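Student: This is the feature table in TrEMBL:
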DOMAIN    A:1-207  domain 'Cytochrome b/b6 N-terminal region profile'
TRANSMEM  A:35-55  transmembrane segment
TRANSMEM  A:76-97  transmembrane segment
BINDING   A:His81, A:His180  heme b b562 binding site
TRANSMEM  A:109-131  transmembrane segment
TRANSMEM  A:143-164  transmembrane segment
TRANSMEM  A:176-198  transmembrane segment
BINDING   A:His199  ubiquinone binding site
TRANSMEM  A:219-243  transmembrane segment
TRANSMEM  A:287-305  transmembrane segment
TRANSMEM  A:317-334  transmembrane segment
TRANSMEM  A:340-361  transmembrane segment
Amino acid sequence: MMLRKNPLINLFIGSFYRLPAPININYLWNGGSLIGTFMVIQVLTGLFLSMHYCGNTLMAFYSVNHIMRDVSGGWIMRYIHANGASFFLAFIFMHIGRNLYYKTYYRKGAWMVGIVLLILSMLTAFLGYVLPWGQMSFWGATVITNFVTAIPVWGETIVNWLWGGFSVDNPTLNRFYTFHFLFPFLIIALSIVHLFFIHQTGSSNPLGNFSDNMKLDFWPYYGVKDILGMFLSLFFFLLLVGFSPDYFGDAENFLKANPMVTPVHIKPEWYFLFAYAILRCIPNKKLGVLALVFSIVVFFFFIFSKKKVLPSLGYRLVFWIWAMNFIMLTWLGGCPVKDIFIFMAQISSFIYFFFLFLLMVI
Amino acid sequence: MTTFARTAFSSKMSNTMHIIGNSFKPAAPVALKQGSPAVPRTNATLQKQGMFLTGKVSTAVSLIGPASVRYAHSDVTVPDFNDYRPKNVSNTAITNFREKEEQRKKDTKTFNYAITAGAWIGGVYFAKNTVELFIKSMSASADVLALASIEVPLADVPEGKSVTFKWRGKPLFIRHRTAEEIATEEAVNLAELRDPQHDNVRVQRSEFLIVVGICTHLGCVPIADSGDFGGYYCPCHGSHYDASGRIRKGPAPLNLEVPEYSFPSEGIVKVG
């Protein structure tokens, strides 16, 4: 390889082209590049959607309709953007799951930046969901911003400040549009920091052992593998967008926001359902909100778990039970508010936190 | 909890084993000896050497102890893969390897090139369509295109009056000219005009002048029935247009634009 004097080219070669990667990483290591792919898709489609969207309560709903019906290719860009968010968060969950399974939270910097990225991504998705100004957009915004009222003493003041008024209305929509546009760039910047931390040590590998003596150049091996992963996921993604684009949507969002009438079955998008189930199963408002926040914040505490050792049989058992329970919790979040579902959600929530605690100590 | 493994190979084996557990410091050093080269160790011969018959491996694994046990296998030879290799590849001596590789690449050249070409064609098609999607999304949307042409009932324009309509976001002047105005405009000497055009090329029916109401100087909207020539006057920089929409005085370089229009039925003009 010729000696490169240009520091930018050197950086590119060292971080990508000739990045040393362990010889034995499997398809679970495709998560990062897939998240990046969907990040690019979301930014591109979002950019072009923003050329036609109007962030004012009088126009927002109709501008989305205009995009769907009048703008050339608008319908597919909107469906790609909406479903892209689902895929983006799905891959984030899988990525976190893989890191939890293989115990890579020993790498504290990368792990903590990763959890911050998770929080930012969830926030961005929430903000974006409000923009169409349908019934679910409005009431989802109302419910989630109302969490802030759980803060003692200043809760009410803060939420009015957040709303820019006395309820979710035009000022709220305007600022949500601004933040929805801004946060992705923050996510991109933090992703670079995330990669920086990871490249200090290089990728981990499924055996969990030291792998400096068995590395391959990233390109072409993992470059091509990543491209294959992108093709596969884009195939399923475009199947969804082309044949069932409203699958993850809610019928209520076809109705324009009505501040006077709350829908009977209100629920967030699927990626928030696990937290929603945890919130709903606790009959106390403040504790419920605390539990919801803690369900994400708990991941920060993994940096205090004991020194990295290989995942044992017991660890893997606990992990898989936790993972299945996570899916159960997601399903329960979408169930109506009936005693049996609340009871099941209480059990599931307990398992969620207790098993995460177990993962920290085993 | 510790994990241990003991291998009790018979004395036919001459290599010792090194157990790599989960400890961070190395265990006893590995003592490796060369296997006897006279005894080929392929899948066919291993059983004869009694590896499976006399070898005994045991492990003890705990629930929360380390889950993987690794051996240093220094005695296993690479099996014979010849049955699985493609026809044009074999494991002949390494001195032939470079030539064999060169030959193999030549043999599979057609297939490789065909797949590459197909991938490029598909990829370019996909890329072109994706770029086109984004670029097209910025062009006029269906609601804008729907208002690209308008139909105006001519009865809405009384004789002697100029009425302004909105067309493609711009003002459109429809002037119902009197006979005197028509005669005056037809008699104008073309040599006097900055942008020479006879009146009869600017109108399809002499009674109706249809022009875009945007001054050709810097884009302001002229005022109807004013100016020195009985037509339009632009207040921004003082351009005077006549009753045929031609520039007569002032800084504007060109006559008022005549759009595409037609008369699909009696009493209706369709512009655009």
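Numbering starts at 1 and runs along the chain as it is shown here.
Quick reminder: no glycine exception, Cβ is built from N, Cα and C everywhere.
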Student: So what's the average pLDDT for the domain 'Cytochrome b/b6 N-terminal region profile' (A:1-207)?
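Tutor: Averaging the confidence scores along the domain 'Cytochrome b/b6 N-terminal region profile' (A:1-207) gives 94.
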Student: For the binding-site residues A:His180, A:His199, work out the Cβ neighbour count at 10 Å and name the residue with the minimum.
Tutor: A:His199
Student: For the transmembrane segment (A:35-55) and the transmembrane segment (A:143-164), does the number of C-beta pairs under 8 Å, pairs 6 or more apart in sequence, reach 3 or more?
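Tutor: The transmembrane segment (A:143-164) and the transmembrane segment (A:35-55): touching, no.
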Student: Mind pulling out the one from A:143-164, A:176-198, A:287-305 with the most Cβ pairs under 8 angstroms to the transmembrane segment (A:340-361)?
Tutor: A:287-305
Student: Where, among A:143-164, A:287-305, A:317-334, do we find the most CB pairs under 8 A to the transmembrane segment (A:109-131)?
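Tutor: The stretch I would name here is A:287-305.
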